[in-house]
Amino acid sequence: MKVGVIGAMEQEVTLLRNQIEDRQTLSRGGCEIYTGKLNGVEIALLKSGIGKVSAAIGTTLLLEHCQPDVIINTGSAGGLDPKLQIGDIVVSREVRYHDTDVTAFGYEPGQMAQCPAAFVADDQLIDLAEKCIHSLNLNAVRGLICSGDAFINGAEPLARIRATFPQVTAVEMEAAAIGHVCHQYNTPFVVVRAISDVADKESHISFDEFLAVAARQSTLMVNAMLATLSKDK
């Protein structure tokens, strides 16, 4: 099995990249893909860049050039579920856009025209993440992750998202685009991110301070998932 792992930012991929054996680098379209082996599993690690367009371009390049069997999206997220604290884990059951609106044509909020309302994560990958969460004794929430081209900072955008998507657990800027591309390519995916900030009026300060914590925690999860896949081969 070949696993594609996607992070948006340098801080979100550097720990994993440094662990890859026999690493090679492919640069395309402003993205970097690092291939090799990690924990006995063939891996293609993408640094996509920030935002939905960068994530979609990078995911497409990753799928076309490396043809991974599954995709894991790692990195940081802003927590909206009250049970989430800095460093906790959020696992996608589904992902949606929070900044898409074609409701005038009968679509649901966040649903792109001619697309599903949500992009649903793979059950087996969710189960794998759950197994690793249990073995690592981490606090985690599973549910809806919403994506948009905005860093959510302040009461007004936060209230809008919560009103529109009452079940939302976390927000970030790439996961729905990654899920969208995986849907188009019929490739199983899951989003496993660590909380860098709790989405409120001070979230930009928290993000800067705790991004490294989120990077360590999300890397810990990816390593555990790869190690489990290696044992199950």
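A Cβ is built for glycine as well, from the same backbone N, Cα and C atoms used for every other residue.
As recorded in Swiss-Prot:
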- GLU12: active site, proton acceptor (ACT_SITE)
- ASP197: active site, proton donor (ACT_SITE)
- GLY78, ILE152, MET173, GLU174: substrate binding site (BINDING)
Reduced DSSP state (H/G/I helix, E/B strand, rest coil) at the residue listed as 'active site, proton acceptor' is helix
If you tally other C-beta atoms within 10 angstroms for each of the recorded positions GLU12, ILE152, MET173, the top scorer is GLU12
Cα of GLY78 (substrate binding site) to Cα of the residue listed as 'active site, proton donor', in Å and rounded, measures 5
Minimal Cβ count within 10 Å, across the recorded positions GLU174, ASP197, points to ASP197
Near substrate: residues not in GLY78, ILE152, MET173, GLU174 with Cβ within 8 Å of the site Cβ centroid are ALA77, SER147, GLY148, ALA150, PHE151, VAL171, GLU172
Span of GLY78, ILE152, MET173, GLU174 as binders of substrate, largest Cα separation rounded to whole Å, comes out at 13
GLY78 (substrate binding site) falls, by three-state DSSP, under strand
